[in-house]
Amino acid sequence: MDFQAGILQDGSPMESLEKQLICPICLEMFSKPVVILPCQHNLCRKCANDVFQAANPYWQSRGSLISGGRFRCPSCRHEVLLDRHGVYGLQRNLLVENIIDIYKQECSSRPLKKGEHPMCKEHEDERINIYCVTCEVPTCSMCKVFGAHKDCEVAPLETVFQGQKTELNNCISMLVAGNDRIQTIISQLEDSCQSTEENSEAAKRELCARFDALAALLEEKKAELLQRISQEQADKTAFIQSLICQYKEQLEKSSRLVETAIQAAEETGGATFLMNAKELIKTIVEASKGGRLDKIEQGYESMDAFSVSLDHLTEAVHALDFDPEEEDEEYFDGEEEEMEE
């Protein structure tokens with residue numbers, strides 16, 4: 001009896017039940033024994049073993065030295081961990097097996113209706129029961145005897161069906177194993193992406209800390225040099241101010257002496273003039289000869305001595321770059337040697 005999906009097409013509850021009894025691997029009704037995964041999904045033991053073998057190619061048997069293994073549920077991608085017994089360590093789902101038995105008994109008691117089995121288009125009363133190997137299409141016995149496939153090589157439909165189903169199951173197992181490998185690669189790439197972001201943030205923090213320290217050092221040096229300029233400015237300004245005060249005092253004395261001399265020159269009495277003139281002239285001569293004050297040298301006010309050249313620092317800043325790692329250099333050197341070999 002053929003229990004493939006779609007045997008009931010009247011939308012009955014039995015059809016809904018049938019859809020729940022389809023294995024996601026072979027796409028056929030579960031075959032005993034039925035194993036239940038930790039995620040509560042079911043698989044034929046054979047299909048579960050095929051998926052397990054594809055995901056664990058080095059696991060050979062229950063007597064293998066390799067302990068346990070893992071594969072992903074084809075329905076929800078949940079990772080299933082197995083012990084050293086492999087698939088044989090999974091629990092059987094007796095409830096599903098009993099439901100399958102009841103379902104098959106119900107289907108066996110139903111009379112076959114026309115249209116439940118594919119019929120030949122050329123011979124409407126003939127069921128498709130053989131497979132044309134030459135044309136690679138299913139056909140009926142009448143087509144082989146009298147029809148278009150009478151000269152073709154044919155084979156039993158069930159034989160070809162089982163062969164292609166086995167091939168499809170193998171393909172499914174390969175796809176599942178390939179999906180597991182892809183999922184592993186995706187996980188590794190995601191981890192690499194996260195590590196790259198974390199390492200980048202750490203490198204940024206370190207770079208900012210070093211530039212902040214350099215900026216603080218420059219500010220400290222700038223403050224020191226400004227202090228020296230300010231000190232030199234204060235010293236020179238104080239000296240010049242002291243000279244200004246001395247010259248002002250001398251000018252004031254000289255102005256008073258000039259006034260005194262003018263008053264004496266206006267004296268009309270000879271005796272009175274002569275009594276003070278000699279002493280006054282002597283004072284004027286001494287004042288004109290002595291009391292020489294200090295002067296500042298030419299360029300005394302210049303601050304060119306405090307000029308600082310930052311060209312070498314500017315070049316050094318422009319030349320700043322990340323230091324190449326020695327490991328990378330050794331790796332590239334080794335790679336070049338291998339290429340040369």
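Residue 1 is the first one shown; counting continues down the chain.
Note that Cβ sites are derived from N, Cα and C of the backbone, with glycine treated the same way.
Automated prediction, rather than curation, is the source of TrEMBL annotations.
What you see is a predicted model, and the numbers here were worked out from it, not measured in a lab.
These come from TrEMBL:
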- 179-268: coiled coil (COILED)
- 23-77: domain 'RING-type' (DOMAIN)
- 115-157: domain 'B box-type' (DOMAIN)
- 265-323: domain 'COS' (DOMAIN)
_Within the domain 'RING-type' (23-77), residues counted as helix, strand or coil by DSSP_ = 11 helix, 11 strand, 33 coil
*asked:* Let's see if you can do this one: DSSP helix, strand and coil counts over the domain 'B box-type' (115-157), in that order.
replied: 6 helix, 11 strand, 26 coil
